[in-house]
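Colleague: Below is the structure I would like to discuss, written out as structure tokens.
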Amino acid sequence: MNLRDLHEKARRSLDPVHYDYVAGGAGEERVVADNERAFDRYALLPRVLCGGERRDTAADLPGAPGASPVFVAPTAFHRLLHPGGEPATARAAAAEGAVLVTGTASTTPVAEVVAAARSRDREAAVWFQLTAHPRREATRALVRRAEDAGCTALVVTVDSPVFGRHTRDLRNGFTDLPPGHAAENMRDLPGAPPGALTDIPMSPAVSWADVDDLVRRTALPVLLKGILHPADARLAVEHGAAGVLVSNHGGRQSDAVPAALDCLPAVADAVAGRVPVLLDGGVRRGSDVAVALALGARAVGVGRPAVWGLAAEGEAGVRRVLAALRDEYDHTLALCGGRRNSDLTRDMVVRKGGTW
Ligand SMILES: Cc1cc2nc3c(=O)[nH]c(=O)nc-3n(C[C@H](O)[C@H](O)[C@H](O)COP(=O)(O)O)c2cc1C
Ligand SMILES: CC(C)CC(=O)C(=O)O
């Protein structure tokens, strides 16, 4: 199955304004394009005669031992894109053994998302993506909702002190959710009535002190999403993060940053194995998963591909995307002579065009 076919099917089935919301990014969308293109700059240099019949592609992640190496990155407003909404995504991820990172901007309350995942697999791991609220009490209430729901980790988005300027949304005038949809996790939070995109307020004041506060208050592992600079990766570990997610928000925040993949090796070096490093942005094939793992990621997230699957075919579509990526990755691993993810090492990734 080609993921491009599902993308095309999703494009045909979605309201063009909602399609643009998902596909688009900040500015001239240079980073959106570069995230994918970055993978084309590399090739895999296989090892041969490694002698092993079985492969194990499971990845040990915080709050998710033995997970698929491909997780579902947090994306907003699933009910806008398919009536099955986040529960459909959650059931699909659970059925495929993939972590779902469910979002602050979910159109289904987090407790229902986790319940849907657990209806497929009692052990399913759902992580909660947290957008810190300008009011600390509101942030704390969100965290409590995620904890009470049974989420097994928090993923704090740190690349969004302000909204990204999504060019297509500005052009289309897409600022509010249509009637009947709401950011359900925001209900009854102090000062945050649901009903509009702008009701996921961002806070330019968020700082490392907020990370410290969070790490102190929750028993859940706290990962930081949106780290690009190796110095921030080092700080993340020092401040008690249980993982670092290298991401430029799928090119939806700054249009002047490097491709996520291009930031990965330096971040992996800075973290030096102390906590898992994850990556999202531009992952579209099993060989992309392999390149990212070889360059230091423990697992990779997919944002748009999962949404295209959902929009095109609901739960079954998300399953197809996750199954295809995992299967292609497993096949690539075999062709590289690997038996487990850690067999992929940095020397097996080369720049295309030769190094001489
Ligand atoms: C429609 C859409 C909504 C998103 N919403 C969020 C969000 O609410 N919070 C967040 O941290 N990231 C959000 N992201 C970013 C994704 O988590 C992820 O970083 C990005 O999509 C990865 O790139 P990819 O789409 O190329 O896989 C969103 C991305 C998309 C496409
Ligand atoms: C509602 C927004 C916070 C969702 C988002 O992060 C995005 O669209 O990239």
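Just so you know, glycine gets a Cβ as well, placed from its N, Cα and C.
Nobody curates TrEMBL annotations by hand; they come from automatic prediction.
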Colleague: Per TrEMBL, which one of Y21, Y42 shares the glyoxylate site with H249, R252?
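Modeller: For the glyoxylate site that includes H249, R252, TrEMBL also lists Y21.
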Colleague: Round to the nearest Å and give the CA-to-CA distance linking A76 (FMN binding site) with R252 (glyoxylate binding site).
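Modeller: Answer for this pair: 13 Å between alpha carbons.
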Colleague: Counting every protein chain present, what is the number of Cβ atoms, excluding its own, within 10 Å of the Cβ of G303 (FMN binding site)?
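Modeller: Counting Cβ neighbours of G303 (FMN binding site) within 10 Å gives 22.
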Colleague: Average pLDDT across the domain 'FMN hydroxy acid dehydrogenase' (1-354)?
Modeller: 95
Colleague: Taking the Cβ of each of the binding-site residues and counting other Cβ atoms inside 10 Å, which one has the highest number: P74, G281?
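Modeller: Per the Cβ count within 10 Å, the most buried is G281.
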